[in-house]
Every structure is written in C-alpha cells, then in structure tokens.
C-alpha cells in the first residue's frame with residue numbers, strides 16, 4: 001500500500017492539467033455510445049478495422065474498452081482518464097513489490113525494489129500519456145499471471161488446486177495480451193522461473209532432465225505454457241488478417257534503409273540505447289521516430305563500442321546466472337544441486353548459505369535479505385544467481401517484440417514499451433546492490449552501497465516529478481522534445497500555437513520543422529492551411545502541391561487546393577483536382593476515416609461546382625457517390641441539402 005500511494009502521488013502532483021490525447025480517443029468512433037461495443041473486438045487501437053490494409057494491427061480491446069467506460073462517465077474530460085492511469089500504476093507497483101518479496105524476502109531490499117519501480121522516470125509516458133494505459137494494464141495482468149504460475153509451482157504435486165493456479169496463469173496472460181501485444185511474453189518468463197529459479201537447473205542439466213524424464217511435472221507445465229502461448233499468438237495473427245502492419249519510413253528509418261549493414265548495426269544498437277534510458281533517463285522525449293537516433297552506417301561509428309559493451313555485459317550476467325559452479329552434496333539423505341533438489345523442487349541451503357549460517361546464522365541472513373530471517377524463510381528464498389536469471393528474462397523477453405527481430409515495428413524507441421522490462425531492470429539493480437552489500441566486509445562500504453542505492457531512487461523520483469511537469473500540457477511537452485526530435489516536436493508545437501491564435505509563432509514553428517525534415521507531408525499541409533486561413537492563397541497552393549508531391553494520397557491537400565482554385569475562378573483545374581481526389585483509394589493509409597471524410601468533402605465541392613455550372617445531373621450523381629463513400633462520423637446534412645436543391 002505504501003508503494004501504491006507513493007507511485008500515485010508522483011503523478012497526481014500534475015493531475016489537473018494533463019491534456020494529451022490522440023486519435024485513439026478523440027476521434028475513435030469505438031468510444032461513442034451509438035457505436036456497438038462489439039466493434040472494439042474487430043477494430044485496432046485507433047478504431048480502424050483490423051483487416052484493413054492501413055490498420056496499425058495494434059489489437060488492444062481491453063484498453064479500448066476502458067477508454068469507452070471513461071468516455072461514458074466523463075466524456076473527454078482528462079481527469080477521469082488520468083485518474084485511471086495513476087490508479088493502475090499504483091496497483092502495478094503494489095503487485096510488483098509483492099513479487100519482489102517472493103524473491104528478496106520481507107526486508108529493506110524489497111522496499112528498495114518497490115521504490116525504484118514506483119519512481120522510475122521511464123514510466124512517465126506510460127502513466128501521464130493517456131494511451132500509455134495499454135502498457136500499464138498489460139503489466140498488471142503480466143504480474144498476476146506470473147504470480148499465479150509461482151503458486152502453481154509451489155503447489156504442484158501436493159494439491160489439486162495447482163491446476164486452478166495454472167488456469168489463472170493462462171487467463172491472465174490472455175488478458176495481458178489483450179491490453180497490449182507484449183503481454184503474452186509472460187508465459188516465457190514463467191517458464192524461465194520454473195526451470196532456473198524454482199528447480200534451479202543449469203543449462204547443461206536441462207537436456208538430461210528432459211531425456212531421462214526426471215521431472216515429468218516440469219515437462220508437462222512447460223509444454224502447456226508453450227501450447228497456450230502458441231495458441232494465443234496464432235489466434236492473434238489470424239484475427240488481424242494474417243498480415244503484418246506497414247509503416248512509413250519516418251516511423252522506423254532503419255527498417256526502410258537499403259543498406260543491410262546500416263540496418264544490422266542500428267538494430268543491434270537500439271537495445272543499448274534503451275538500456276541507457278533505463279539506467280540514466282536524463283534525456284526523455286514523447287517521440288523518438290525519424291532521425292532522433294541517427295543510423296549507424298559504418299563499422300567506425302563510435303556507438304558500436306556501446307553495442308559491444310552492452311552485449312558483452314549481458315553475456316557475462318547470463319554466464320554468472322547460468323554457469324556458476326554446481327556443487328552436489330547430501331541433504332536429508334538426498335543429493336541436491338546448488339541447494340535445490342532437481343526432482344521435486346524442495347528447498348535446501350546451498351553450500352555458501354550453509355557455511356554462512358554455521359558461522360553467523362542470523363547475521364548472514366540479515367545481510368542477505370535485510371531482515372532477521374528464520375530458517376524456513378532462508379530455504380525458500382532463491383539465490384542471487386537465480387534472481388539474476390529471472391531479472392534478465394524480465395528485462396529481455398518482454399522487449400523482444402520491439403527489437404525488429406521477427407518483424408518491423410512502427411517506432412525507433414518508445415519509452416512506454418520499457419514499462420514491463422523496467423521490472424527486470426529494477427530487480428537486477430537491487431539484487432546487484434544486495435550482493436555487493438553482502439560481499440564487502442567494512443561497515444563503511446556497506447553503508448556506502450546502501451545509501452548510493454537510496455540516492456539513485458531519490459534522483460529517479462526527482463526526475464519523474466520534473467518530467468511530469470513537461471506533461472502538464474501539449475506545448476510544454478513538445479518544447480521538451482525539440483532537442484531529441486526537432487522535426488516532429490516543432491511540427492506539433494506549430495499545431496498548438498495555431499490553436500492559441502499565435503499565427504506568426506505557429507508559422508515559424510512549421511518552418512523550423514521543415515528545416516529539419518523538408519519532405520514531411522503533414523507539416524507542408526499544415527503550413528499551407530495556415531497560409532490559406534490568412535488569405536495567402538498563392539503560398540498556400542505552393543505548399544499544398546509540395547505536400548501532394550511528398551504524399552500523393554493526401555486527400556485533404558487535394559481538397560483545399562481545389563477549393564482555392566474554385567474561388568480563383570479556375571473551375572476546370574479545380575474540377576480535375578476534385579476528381580483526382582475522389583479516385584484515391586484508402587488502402588495502406590494510416591487513418592482511413594479521415595481520408596474518407598476528405599474524399600467526401602471533395603465530392604461535395606465537385607457537386608457544388610457542377611451545380612453552379614448548371615450540370616444538375618452530374619451534380620446529383622456526385623452527391624450520391626459522396627453519400628456512398630462517407631464515413632460514419634461525417635455529417636451528411638449538407639449533402640442532402642444540395643441534393644434537395
């Protein structure tokens with residue numbers, strides 16, 4: 001409860017002014033009461049049909065359902081949305097602390113792990129940004145699934161309820177995936193827990209255990225986890241039309257690069273950059289697309305040294321956890337390995353713990369866990385090596401879908417994606433500090449390690465509070481992102497300034513965005529729209545044409561170009577523009593609803609043009625076509641009015 005209150009208070013400080021929404025909420029028809037709620041299970045996160053070629057394929061119906069409930073209660077008032085996000089983060093923090101207690105014991109190291117997770121700045125986007133709820137909700141069911149599996153392991157072979165716990169594991173894993181795709185990875189983490197933590201097997205022991213059928217219950221549990229995970233992934237792939245999503249080159253420039261070397265070096269480097277954000281979240285941004293992380297094009301790029309250091313460190317940690325010396329000794333008449341009986345998972349002290357307990361039973365345990373443990377508690381706690389393996393699996397496995405290893409993703413870096421992996425990071429830092437605390441002999445060094453860890457948590461908390469200040473409103477958020485992604489940040493800032501009627505500042509912001517990336521169709525269009533609204537029609541036409549050249553499917557640019565031409569008396573040129581707009585298909589478009597609205601408006605203006613020229617039959621034909629093509633959210637009154645005339 002303490003951790004939940006603490007994590008919630010960090011975000012409630014800036015509760016009032018949070019204004020950040022997206023088309024996942026503002027223009028998502030699935031949130032409206034007149035839309036059947038069952039549509040949520042057929043559309044993606046943004047309200048587009050999953051099987052549509054332009055769908056993002058982000059299937060998160062439980063998250064969308066929570067947005068719909070928010071909308072039913074408070075409309076678009078950001079208070080209720082933000083409150084749910086904060087409460088979810090508080091709940092995740094509480095469950096994570098309970099999970100840490102299973103690994104670290106009931107002492108101050110568990111307290112440290114919980115505080116570190118509660119205060120980590122990398123969570124700001126997931127909690128303060130409304131659409132980040134998908135990650136927070138998935139994390140909650142991720143942890144519940146893992147806890148159910150831990151219960152299954154502890155009751156396996158001794159109680160019929162063990163399969164009830166396994167059923168809970170599967171259901172919570174499914175719910176986690178329906179909040180966000182990476183939630184299904186909890187099944188792999190559960191398998192790691194069973195093999196390397198509960199049974200304390202080493203790599204070389206796994207195959208002999210399977211071959212000799214020493215532990216059929218372990219084999220059965222892992223087989224069921226594999227079957228359920230494969231079933232969930234298969235159903236997910238089928239439901240989205242058996243096709244991966246397509247993204248623009250600005251979303252993930254490395255994926256669009258023609259150079260195999262650049263793609264390889266960049267994709268290997270990106271996990272290093274993500275780990276640095278977890279370790280030192282000094283520079284954070286609402287968007288890391290485009291050129292926020294420049295491509296690594298040559299072997300000589302100095303960032304390759306970071307990549308090498310990262311993977312070497314990762315391998316050393318994995319070696320420490322999986323290849324540590326294995327010592328067999330007798331315990332209660334049976335031989336055990338590293339303090340664990342391989343056959344049935346019953347606990348016994350490792351040699352190191354045994355020697356420590358002989359010398360100073362209570363003190364050794366107190367150093368290790370931060371508490372005065374009794375004998376039974378000591379036997380239940382995993383060793384440092386076991387926790388390292390589980391922490392690495394929590395850090396790596398949920399991040400694998402974002403690595404571009406199996407399919408390309410629509411981002412370079414996304415801070416919200418690190419919400420689940422940060423659990424593994426927090427455990428890894430905590431168990432590392434605990435191991436150092438145990439190893440050093442001098443009281444001064446022990447105090448230094450403890451207070452250094454506490455200081456790190458304090459700095460994380462301060463950074464989270466400061467970063468929440470950036471999320472108070474859109475203007476502050478976009479200004480904070482200029483140094484990371486200037487093109488995207490200046491463009492979004494221009495939209496905000498325009499809404500505030502700061503026309504000259506908005507124009508300057510749009511031009512700054514185009515300075516950094518001159519082919520951004522949206523920015524070219526937005527600048528043209530700003531100029532058109534201020535009667536600078538010649539300049540507006542110039543930028544609309546540039547926008548169409550950059551993205552030939554941008555229907556709104558055709559629409560406004562045709563309107564300007566029609567008002568200038570260039571009726572034939574306007575007619576050709578409207579006709580061309582009406583013929584643009586909506587395949588592979590990110591927002592087909594907005595595209596259909598623009599196409600419908602083009603047809604309306606084309607019919608109006610025919611009407612003014614006295615071509616009434618042509619006008620009626622165009623209006624009927626517009627009624628057939630208009631999306632659900634389009635107001636049809638003007639079309640019927642013109643048909644009536």
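Each residue, glycine too, has its Cβ placed from N, Cα and C.
When TrEMBL is compared with the stretches 362-386, 387-411, 487-511, the one noted as transmembrane segment is 387-411. The stretches the transmembrane segment (387-411) and the transmembrane segment (448-466) are not in mutual contact, being linked by fewer than three Cβ pairs under 8 Å (pairs 6 or more apart in sequence). Per-stretch counts of Cβ pairs under 8 Å to the transmembrane segment (185-203) identify 215-239 as the leading one among 86-110, 130-150, 162-179, 215-239, 305-322. Sequence-remote contacts of a segment are chain residues at least 6 beyond its ends whose Cβ falls under 8 Å from one of its Cβ atoms, and for the transmembrane segment (162-179) they are 59-63, 134, 137-142, 144-146, 148-149, 151-152, 155-156, 186-187, 190, 221, 224-225, 228-229, 232, 236. The list of residues near the transmembrane segment (448-466) in space but at least 6 beyond its ends in sequence, with Cβ under 8 angstroms from a Cβ of it, reads 10, 13, 112, 115-116, 119-121, 123-124, 281-282, 429-430, 433, 436-437, 440. Same-chain neighbours of the transmembrane segment (305-322): 196, 202-203, 265, 268-269, 271-273, 275-276, 385-386, 388-389, 392, 396, 428, counting only residues six or more beyond its ends whose CB sits under 8 Å from a CB of the stretch.
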